[in-house]
Structure formats: structure tokens, C-alpha cells
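Asks: Let me begin by handing over the structure; questions about it come next.
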């Protein structure tokens with residue numbers, strides 16, 4: 001296991017809080033940086049995040065603060081939503097140390113630029129020469145706080161850094177594998193959210209288990225095509241950040257993106273769904289970015305196109321899914 005180190009988790013949402021708890025339980029000196037002073041005080045006094053993880057106790061050694069000075073720690077976990085990452089980094093770059101180790105825990109593709117979180121970080125903090133890694137995989141925050149067995153993957157272009165960080169994050173109920181395919185791991189984490197919306201829509205329409213199984217399988221193939229076109233390794237999508245995360249988010253109702261699809265399939269409007277969720281469903285904006293990316297890369301992406309039609313063209317879910325079944329027949 002790794003030596004005990006000083007860590008800042010940037011972002012006090014459900015996943016940032018869970019990772020902070022995990023690292024504190026591992027004996028590391030951990031502070032969560034967040035914007036809400038009331039939530040920070042509650043974490044420090046009651047050892048609970050009442051906004052995102054109510055009723056789930058946090059390790060009492062986990063501290064919370066609104067002081068950006070903690071961003072100067074040698075290891076910073078970025079738990080900032082993808083669409084907010086660029087402006088957040090630009091506004092806080094002055095607090096990071098040169099050579100800081102950054103572990104991205106967000107999932108998504110930036111709209112407009114179509115950049116991954118790794119690319120955003122390189123563009124905004126390149127002058128600091130940060131050491132970058134990404135952590136992804138099938139991992140609901142609440143299950144991590146309950147100490148339920150979880151396995152994830154941590155990717156870094158620096159193989160030695162990946163091996164080191166997997167030791168930092170791993171614990172009795174949290175197993176961390178390492179990889180060097182940063183692109184594949186980040187693409188898998190982003191793409192599966194689109195497929196989760198599609199799977200939820202199928203279930204919201206009551207189309208049955210056969211439909212869901214077909215969608216998950218063809219969704220994995222689409223994820224792999226898009227990822228490889230973007231520079232990823234195909235086999236990464238058969239791992240935890242691909243198939244693993246896809247399976248979890250397409251089948252479990254704790255998934256916010258699946259919830260969006262379920263409610264769309266039952267006839268609710270997107271605006272009402274997103275307003276009532278209370279948390280970010282990254283797949284909604286990621287769908288627009290992936291749809292544009294597929295067009296630019298000339299990659300066939302029928303499921304992404306279908307979800308885009310439902311979200312952004314107000315196409316009726318039954319019509320969209322009927323159109324998918326009516327596509328020209330082909331080899332698998």
C-alpha cells in the first residue's frame with residue numbers, strides 16, 4: 001500500500017464526498033474543497049453530507065473547507081462536473097503547485113470543444129506540468145460509503161504513476177486496477193451515460209428485458225467504435241470503465257442518466273426531469289457532444305443519434321426506437 005499523503009478533493013458532490021471518505025479511511029490527510037459553507041460545516045461537525053448523501057456517515061477524519069488554499073496539496077482529486085471543469089480550472093489555476101498530481105473523477109465530453117477532461121486539464125494547467133490520471137468504473141457513491149465491494153480502473157500515461165495511485169485508492173472494499181489508456185477510460189465513462197439514457201427510455205416504455213439486453217450489447221459496440229476513432233484501445237471497452245460501467249448505469253435505478261431515460265419513456269419533459277433531479281446527469285449534455293463527435297469522425301452511432309433526437313429534437317421515444325428496429329439489416 002502507498003505511504004500516507006496529503007490530498008485535496010475538489011468538489012463536494014456525491015462522488016467527491018465518497019472518494020474523500022475512502023481516502024480518509026485509508027489513513028490519508030484529506031480535505032474536501034467545496035463552495036457551500038453550510039455543507040462544509042455539517043461535514044466537519046456531523047460527518048455527513050446532507051445534500052448529496054444524507055444518512056450515510058463519513059469518516060470523522062475527513063475535513064471540509066471552502067478555502068482554496070487546500071488546492072496546493074500534492075495530490076488533487078478533480079470531482080468537478082465535466083461541463084464546469086474548464087472555467088473552474090481557469091479560476092483556480094493559481095492555487096495549484098507545479099507538478100501537481102491530478103486524478104480526474106468526472107465523466108463527460110465538453111460541449112463545443114468536444115474535449116475530454118484530460119484535454120481540458122492540459123489546456124488550462126499545461127504550464128504547471130501536472131501529472132494526470134483518471135479514475136472510472138462502476139461505482140455508485142452510496143455503495144462506496146457502505147463499504148460494499150467495488151472495483152474501478154485508474155488510467156495514466158505514466159505507468160509508474162498509475163501503479164502508485166492504485167495503491168493510494170485501494171482498500172479492503174475498493175479495488176483499483178491500473179491502465180495506460182487514458183483516452184479509452186475517459187471515453188468509456190462519457191459514452192456509457194448516453195447508453196444509460198437509451199436503456200432507461202426502453203424500460204420507461206415497457207419494452208422488456210430483450211430490448212434492454214440488445215441495447216446494452218449494441219451500445220457497447222458503438223462505444224468501442226467511437227472510442228477507437230478517438231484514439232482509444234478497443235479492449236479497454238471490455239473492462240471496468242466500459243462494459244462494467246455500462247452494465248451498472250443501464251440496469252440500476254440509482255443511475256441518474258437511467259432515471260432521465262425512464263422518465264422520458266414515461267412521457268415526462270426533459271426540462272422538468274433535469275430541474276427535479278437535484279444532481280447533474282452528465283449524459284444529457286454529453287449526448288450533444290458525442291453526436292457532434294460521431295459526425296465529425298464519420299462513425300456510425302445510431303443509439304447516440306436516437307438519444308439526441310429524443311433530447312434535443314423532441315422526437316417521440318416510441319417513434320425513435322421503432323426507427324432503430326427498422327434500420328437496414330447487417331452483419332453483427
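Keep in mind that glycine also has a Cβ here, set from the backbone N, Cα and C atoms.
The active site, proton acceptor annotation in Swiss-Prot covers 192, and the record cites sequence analysis as its basis. The NADPH binding site annotation in Swiss-Prot covers 14, 15, 35, 107, 141, 256, 280, 282. Positions annotated as sn-glycerol 3-phosphate binding site by Swiss-Prot, on the basis of sequence analysis: 107, 137, 139, 192, 245, 255, 256, 257.
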Asks: Using DSSP reduced to three states, classify residue 14 (NADPH binding site) as helix, strand or coil.
Replies: helix
Asks: Can you tell which of 35, 107, 192, 256 has the most other C-beta atoms within 10 Å, given these are the recorded positions?
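Replies: Selected residue: 192.
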Asks: Neighbour count first, Cβ atoms within 10 Å, every protein chain included; then name which of 245, 282 tops the list of binding-site residues.
Replies: 245
Asks: If I take the alpha carbons of residue 257 (sn-glycerol 3-phosphate binding site) and residue 14 (NADPH binding site), what is the distance between them in whole Å?
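Replies: So the Cα of residue 14 (NADPH binding site) lies 15 Å away from that of residue 257 (sn-glycerol 3-phosphate binding site).
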Asks: Using DSSP reduced to three states, classify residue 257 (sn-glycerol 3-phosphate binding site) as helix, strand or coil.
Replies: helix
Asks: If you count the other Cβ atoms within 10 Å of each Cβ, which of the binding-site residues 14, 255, 257 comes out on top?
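Replies: Neighbour-count leader: 257.
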Asks: Cα of residue 255 (sn-glycerol 3-phosphate binding site) to Cα of residue 35 (NADPH binding site): how many Å, rounded?
Replies: 25
Asks: Whole-number Å distance between the CA of the residue listed as 'active site, proton acceptor' and the CA of residue 245 (sn-glycerol 3-phosphate binding site)?
Replies: 7
